[in-house]
Amino acid sequence: MGSYHAGSCTATNIKISFSLFLFLVGVASAQLSPTFYSTSCPNALSTIKSAVDSAVSSEARMGASLLRLHFHDCFVNGCDASVLLDDTSTLTGEKTAGPNANSLRGFDVIDTIKTQLESLCPKVVSCADILTVAARDSIVALGGPTYTVPLGRRDATTASLSAANSNLPGPQLNLAALISAFSNKGFTAKEMVALSGSHTIGQARCTTFRNRLYNEANINASFATSLKSQCPSSGGDNTLSPLDVTSPTSFDNAYFRNLVSQKGLLHSDQQLYSGGSTNTIVDAYISNTGTFRADFANAMKKMGNLSPLTGTNGQIRTNCRKVN
């Protein structure tokens, strides 16, 4: 009897501890839920998907652009749509930051989606959620994995040019710096490699890989020669080349195969397969594309959960480019 009573006390304590744990987890994930708009705007997700599918079918590159927009939002003070804010006399946005200027695109697609949603369900769906869902739908449109997106993020009323300049990992980083930049946001080296696999789609400007072309040894010779015709040693800064030379508009694991052949376009790409700690991860993703797809989807979900504004924090912008 006594031991039974002690056991029930322990069970009660465990139940209380578990309840506290669930509460804390709830606070951490901050009320995000996949069904957040199911009654307030039931057609929100289908509206976003239709617009993304249309944009990507018109220009495959737009899928990569929308994915990058989400990444550049989330790595700067969380997924709060601060990246979408235009500069005003009282607010300095993030669009002119080094990693973003003359580079980020897809703002018009987000505007189109927002306009459609405002007519369907005024002041309900946040720009931050639009970015998060549009990134997922872009990946799917180009043949990548699908995953469930928790919803309920709200929009920032401020932006940070300085954080955009310091928090976004650049193409010149070496492996240790890449691991550190992602670790600062809570990602493991493996998750960093998985997310880098987004470079299976999209294009980069000559200015981001010129130094690799002309000054690095660990680059396939014929690959370098073919690129030099489009990216001269001076001039042509904005000329584009695909990040994945093999299948630039298909979401697959060819990006990793290219690294083994020393055909990584950016310095930061090739760093993932240059004799360091991430070689084995690249090899694993080459041998099992299913593992890559699963790891990528999980890392994307994690990225979408970076420091969201929820509850009464932030606002629901009616125009993604400006604070209400």
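Just so it is clear, glycine is given a Cβ too, placed from its N, Cα and C backbone atoms.
The record in TrEMBL lists a disulphide bond between C206 and one of C127, C231, namely C231.
Within the set C9, C41, C74, the cysteine that TrEMBL bonds to C121 via a disulfide is C41.
The record in TrEMBL lists a disulphide bond between C127 and one of C9, C320, namely C320.
Ranking the disulfide-bonded residues C121, C206 by other CB atoms within 10 A of the CB puts C121 at the bottom. Cβ neighbour counts within 10 Å, taken over all protein chains shown, single out C74 as the most crowded of the disulfide-bonded residues C74, C231. Its Cβ placed at the centre, R68 (site 'Transition state stabilizer') has 23 other Cβ atoms within 10 Å. In space, H72 is the closest of the recorded positions C41, H72, C206 to S82 (Ca(2+) 1 binding site), judged by Cα positions.
Proximity of H199 (heme b binding site) to non-local residues of its own chain (separation of 6 or more, Cβ distance below 8 Å) is seen for L243, D244, Y255, L265, L266, D269, given in sequence order. Summary of the Ca(2+) 1 site environment: with the site residues D73, V76, G78, D80, S82, E94 set aside, the chain residues having Cβ atoms within 8 Å of the Cβ mean position are H72, C74, F75, N77, C79, A81, V83, A156, A159, S160, A163, A164.
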